[in-house]
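In what follows, a single structure is set out as structure tokens and then discussed.
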Amino acid sequence: MSLAVVILAAGKGSRMNSNKPKVLQTLTGKTLIRHVLSRVEPLNPDNIIVVTGHLKEMVEADLADKKVTFVEQKEQLGTGHAVLQALPYIKEDKVLILYGDVPLISTDVLANLIKSASDDLAVLTAIVDNPTGLGRIIRDKFGAVSHIVEEKDATDGQRQIKEINTGMYCVAKSHLDDWLPNLGNTNAQGEYYLTDIVAMARGDNISITVTHPVEEFEIQGVNDRIQLAQLEREWQKHIAEVIMSKGVSVADPSRIDVRGKLEVGKDCWLDINVIIKGHVKLGNNVVIGANCILKNCTIEDNVKIKANSMVDGSIIREGAIVGPFARVRPECDVKEGAVIGNFVEAKKTILGRGSKASHLTYLGDSEIGANCNIGAGVITCNYDGVNKHKTTIGDYAFIGSDSQLIAPVNIGSGATIGAGSTIVSDVPADNLAISRARQRHIDTWQRPVKK
């Protein structure tokens, strides 16, 4: 059977007190609506419809790279009315209905909901400790679902019910064609509730199947920044537990932030306040110090990233050491056993096997061979104000402290650069190059005297 997915994303989210629509608030570094799409796309639906409303242009811009159809709900008249706007654009047999502000529903739970629907109606419900504000599932004396009542319309007795409606359904398109045009708005909100299709299904003797999420956070919606922060911590705790189960030690599971995809080896150690962005791969026995940021990088076995360091878009090879207070910018390849030390910045640089830049250095657009020593304060001067230029350093070279290498320049293997030199031309292999003013001693000099 063909499948359409309808994602409701028209709400204002006034409690966010924001200039952005609610679905564009971010969780783990990604907008809420993109979280929902990332969980839907593996289902390979034939059609994805996003119902927009408040600041629709911003939502459309955020999803410009996605293959979706946008449908506008011009008036906010309820969830049933929102799905009704999408109905003319649905040609598929089944319809999965989701919410753009419920970001963490898992693909597996959705797949089970779709499977359970068969040709009829499947409802995702959950039993929660605190159902306040949520629609309650009303069952008959035989335990079958009869209808859903919203909190504002519920009696005191119904408000004691712990089973709640998540708002997620999978239903045959033919049933929506029958039910949605007949929704009423005689309720406390004066809105057209999508929840009323459950009672309609019951009235038409349509089978109603109930499925449940695995984790409660999967069905948690976001209405304000407090809930957003709480859900962020719930999700980060879940991620921490997952990576710990794979053999990673986390110093404090409440102080880790994974804002992308993290692949881990065994026996790694993550200290407090580590932030992961994009796609990060960690090998075995990797140590990440406190307050580090890793983004779109590969960290191989036995690497140490010391405290307060950043690695972005680069690869750190086996046994290398980075930091503390180091910054590895995109397109770097730090080879096996190499060292990027404290207050060293590297950009688009290959640092060869066993080479060391231990302190206070800038390496940009550089290719450095094996077993080199880069002294403190060395600068590769790669930018002429318009273009970037390359510095090449051969194996076993020694670059003395406080030297400037004016690119483009080649330093031969085994060459030595005297401390404090400014190198403007190529240095042959095994040569000493020194470029600095001759030291003078003036024994007749006297300090000035204050008058």
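Backbone N, Cα and C atoms are what each Cβ position is placed from, and that goes for glycine too.
Per Swiss-Prot, the acetyl-CoA site holds A376, N382, Y383, A419, R436; the candidate it also names there, chosen from S355, S401, S425, is S401.
Checking the binding-site residues (L8, N373, S401, R436) against D101 (Mg(2+) binding site) with a 10 Å Cα-Cα cut-off leaves L8.
Annotated pair N223 (Mg(2+) binding site) and Y383 (acetyl-CoA binding site), C-alpha to C-alpha distance, rounded: 48 Å. Within 10 Å of A376 (acetyl-CoA binding site), as judged by C-alpha distances, the recorded positions found are H359; the full candidate list was G78, G100, E150, H359. R436 (acetyl-CoA binding site) and L8 (UDP-N-acetyl-alpha-D-glucosamine binding site) have their C-alpha atoms 69 Å apart, to the nearest angstrom. Listed binding-site residues: A376, A419. The one with the lowest count of other Cβ atoms within 10 Å of its Cβ is A419.
Cβ neighbour density within 10 Å is lowest for R436 among the recorded positions R329, H359, R436. The recorded positions recorded for this entry are H359, Y383, S401, and the Cα of Y383 lies nearest to that of G78 (UDP-N-acetyl-alpha-D-glucosamine binding site). Sequence-distant contacts of Y383 (acetyl-CoA binding site), defined as residues of its own chain at least six apart whose C-beta falls under 8 angstroms from its C-beta, comprise G364, H389.
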